[in-house]
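Report on the following structure.
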Amino acid sequence: MPKRTDIQSILILGAGPIVIGQACEFDYSGAQACKALREEGYRVILVNSNPATIMTDPDMADATYIEPIQWEVVRKIIEKERPDAVLPTMGGQTALNCALALEKHGVLAEFGVEMIGATADAIDKAEDRSRFDKAMKSIGLECPRADTAKTMEEAYKVLDMVGFPCIIRPSFTMGGTGGGIAYNKEEFEEICRRGLDLSPTNELLIDESLIGWKEYEMEVVRDKADNCIIVCSIENFDPMGIHTGDSITVAPAQTLTDKEYQLMRNASLAVLREIGVETGGSNVQFGINPKDGRMVIIEMNPRVSRSSALASKATGFPIAKIAAKLAVGFTLDELQNDITGGATPASFEPTIDYVVTKIPRFNFEKFAGANDRLTTQMKSVGEVMAIGRNQQESLHKALRGLEVGATGFDEMVDLDSPDALTKIRHELKEAGAERIWYIADAFRAGMSVDGVFNLTNIDRWFLVQIEEIVKLEEQVKAGGFAGLTQDVLRQMKRKGFSDARLSKLLGVAESEIRRLRDQFDIHPVYKRVDTCAAEFSSDTAYMYSSYDDECEANPTDKEKIMVLGGGPNRIGQGIEFDYCCVHASLALREDGYETIMVNCNPETVSTDYDTSDRLYFEPVTLEDVLAIARVEKPKGVIVQYGGQTPLKLARALEAAGVPIIGTSPDAIDRAEDRERFQQAVDRLGLLQPENATVTTMEQAVEKSREIGFPLVVRPSYVLGGRAMEIVYDEQDLRRYFNEAVSVSNESPVLLDRFLDDAIEVDIDAICDGERVVIGGIMEHIEQAGVHSGDSACSLPAYTLSQEIQDKMREQVEKLAFELGVRGLMNTQFAVKDNEVYLIEVNPRAARTVPFVSKATGAPLAKIAARVMAGQSLESQGFTKEIIPPYYSVKEVVLPFNKFPGVDPLLGPEMRSTGEVMGVGATFAEAYAKAELGCGNVYPEGGRALLSVREGDKQRVVDLASKLLKLGYKLDATHGTAVILGEAGINPRLVNKVHEGRPHILDRIKNNEYTYIVNTAAGRQAIEDSKVLRRGALAEKVNYTTTLNAAFATCMSHTADAKASVTSVQELHAQVQASLKA
């Protein structure tokens, strides 16, 4: 059946901001769907609130709405655009839930919009736990013993049936939010209450524990003629009990017998037929009891998922693209497989002759007090994928691609310490983020494969692979450097050992190992991911390295530019950097260069096989990048776009003769190295907060007496504010040195005078050596002291005077010329008492670039990439700053609900995972839209609680009167109440927790408040008020931890976020019109 002609326009629902459990894999699927549907001539309308996505670029869809993904707002878009159909399977749980709400509220019926890709009934049948259970029984498949509960009473009835331990999962949530494993009554009570609260339908599924069972996933695609293919089987290295998003996974499945595989394959197809998925991709999860082979079905997702992004990258089969085409009526046999250049149809199941390993990336160090053990609730923030010819090579490459400082199976424990074995046993039994390294330590300590299996339930086949790696390491150590013969070295490289790991084992420099490989002529060759195990020739240059015989890279002799990606997502380095890498590649491709992408993150658009001319799916480490450069010989390499990951390699690459284009590694160092930067600033006569660099605690104390408190303290060279703190007194400073950092001559600590209450400003600019053009000036809403990545911001500025802005423009220009920037530069300022202080300069792409590009319509990353390749700004027609005739506000999304026990106070350490954007004619409207996009819905009126720090007491009176005007009743804690009383406002007095009951927490728990403003400064005050913020979070009360955000919230009450919708294309037309005027 060819495509449908009865529909002309299709609305695609995006996934919104990046949160734990729902990351940039949906930008990848959404961007593919837009491309696929426009290719077929449909008009595509897209809604997604996340500006840091490729899919919201103005040329990806015909009409793009960066608006909150909420049914009332989407109804406005449907009313305006009148699409014929809506495709809800590309935007994760957010899109599914929104589509179901549109259906439930009659919006689809009202405007005659058809749901394609999945029916409301199929979504409901897969997501509603009790319906799913019945459906599985009807086709003879077993589910875990389970039942649903809507109250605590019902929950206890289910418990009687399943017993302890049991697994609790809320319905219609994502990434296991709110779920957990209960081993006793107390835990059961706590998890159930939390789950009932977090499920949109207030429903839980409680099932028998399958902890220790093996877990598998099948990625299935089905069309309406009932053709089904399995794209990929995935096996979880970690057994059941750990969320599959937090598990190490391997594809294809390694430990299934052929008979088991066929059983599972048939079961997956039966599931899709029964649920009624007619068009597109689904993922089906199974559990197998290793003791008796009993197989149960755990769940299925009737949409494109995190696993489908992984399966697409693992096989080269573009699931989202195919799913989008199936949704408009095509069948699999009518679609061509791009990778084999159309030699095979999409109805051929991919076959792969390599092993793929995915390892999740965690960020527990950012959440002091978080429970860092892995359970059924997802906690990882990103992932890395690696491809190898065998399991050991694949595993090794994934470990070094993670960028957690590992070069392979590095030792975690000092085996001579008395409690080494106790520590190892604990880490094996109670899995944390680092269990795989502890497994290697267990073998080093003499544990047997069975001993490790009994503690972990990880299949013995995987354990034997790790045991062998440990044995090989012992042999290398015993043989010493002289024992590295050509044969030994080649064998080690085939097993995936990195030069860095071998150098560690032998105690020589990494360059020594590289020299030896050159001498023996041992270099990696590149194999192609071709979907067909090399049975047909592949047109697509999608490569991975191995130490095999035949190289399939076949490089061309065109002019090439290589872009280094950012590796796995993590807090502080996320999708924004991938967005820049993709833009660099697209722009340079348009200009006729051959572009080469190097990256190892399976969720992203940059690792899509048709984003660049050639894709190398490899870890972004010095060894791997040098090997690719040796084969490809690029004219230039871009290191400034992937965040800190490629930037760290700049000097070493340059030293090895790799040509870095754009800002030179030396200039990058001048901005990053404190002392060299200081010299540049002094030469230009710019103002900086007083600061000092220290290498001992004594020095720090001495300097602090000169500079004065409060101080911002941090280690040098860091992204996302790791281990950064504001200290208020000497005792605090000493504690920081004892607890937070190891300070030394190699790693000094920086002290800066903290400008309390200053307004922070971010400026992105491009310099081509002749001129500097400002991309945008963003005024932060949270005051200085909150990490810029965690602060909301407005473009244009909403309170700063023209005079101050001009002062900053002038300084940016001077700095760009002084540092010799070629390409993008990000500068941060703080404004206090009409003085402009320079905080820092980053001569690279910053995380604000996508937001500025969407707000102004100027594609900064593309323009700057062309500058790096030698074009001037003038030749590109970008010569002056664009100030849009509307306001854009970026707001961040924080993951605190996943980490009970962590203080949600914003500070200098970055902890947000994603962002949304709101646009409006006024600042108030833009801010209101951004808040709605984050899901912060502020009720009209109610009761507000004010409890503020000393420094905020002057301004709190103004805030209180604004809240009264908006119809709020006021409560305040003692200090704040006294100030308000003096101003003639008499709030109700509430007790702090240690002042007797009923206290603040009691009132929060009784749902007395609709809004809480709490600011705190100083170690003790922050500690004392932590229970207040945790309470607000737990009871879902809106709260702000800065006064500026509270004032912005008051302003936003005057605007209606749902009143109007405007597409990006219309906004950019307004910009163009204002430029002509």
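For all residues, glycine too, the Cβ spot is worked out from N, Cα and C.
The model shown is predicted, which means the values in this text are computed figures rather than measured ones.
Residues or ranges marked as region 'Carboxyphosphate synthetic domain' by Swiss-Prot: 1-403. The ATP 1 binding site annotation in Swiss-Prot covers R129, R169, G175, G176, E208, L210, E215, G241, I242, H243, Q285, E299. What Swiss-Prot lists as domain 'ATP-grasp 1' is 133-328. Residues annotated as Mn(2+) 1 binding site in Swiss-Prot: Q285, E299. The Mn(2+) 2 binding site annotation in Swiss-Prot covers E299, N301 and rests on sequence analysis. Under the heading region 'Carbamoyl phosphate synthetic domain', Swiss-Prot lists 554-935, citing sequence analysis as support. If you look up Swiss-Prot, you'll see 678-869 marked as domain 'ATP-grasp 2', on the strength of sequence analysis. Here Swiss-Prot flags E840, N842 as Mg(2+) 4 binding site. The domain 'MGS-like' annotation in Swiss-Prot covers 936-1077 and is backed by sequence analysis.
Between the CA atoms of E299 (Mn(2+) 1 binding site) and I242 (ATP 1 binding site) there is a gap of 15 Å. Among the binding-site residues listed here, namely E208, Q285, E840, N842, Q285 has its C-alpha nearest to that of N301 (Mn(2+) 2 binding site). Taking the Cβ of E840 (Mg(2+) 4 binding site) as centre and 10 Å as the limit, one finds 14 other Cβ atoms among all the protein chains shown. Taking DSSP states H, G and I as helix and E and B as strand, the domain 'MGS-like' (936-1077) has 73 helix, 22 strand, 47 coil.
Cα to Cα, E208 (ATP 1 binding site) and N842 (Mg(2+) 4 binding site) are separated by 52 Å. In the three-state DSSP scheme, N842 (Mg(2+) 4 binding site) falls into the strand class. When each of the binding-site residues E208, E215, E299 is scored by how many other Cβ atoms sit within 10 Å of its Cβ, E208 comes out lowest. Cβ contacts within 10 Å of Q285 (ATP 1 binding site), excluding its own Cβ and spanning all protein chains shown: 20. For E840 (Mg(2+) 4 binding site), the nearest neighbour among the listed binding-site residues (R129, E215, I242), judged by C-alpha distance, is I242. For N842 (Mg(2+) 4 binding site), the number of other Cβ atoms no farther than 10 Å from its own Cβ, over all displayed protein chains, is 20. Reduced to three states, the DSSP call for R129 (ATP 1 binding site) is helix. A sphere of 10 angstroms centred on the C-beta of R129 (ATP 1 binding site) encloses 23 other C-beta atoms.
In this structure, the C-alpha atom of E215 (ATP 1 binding site) lies 44 angstrom from that of N842 (Mg(2+) 4 binding site). For the pair formed by N842 (Mg(2+) 4 binding site) and I242 (ATP 1 binding site), distance between Cα atoms is given as 39 Å, rounded to the nearest Å.
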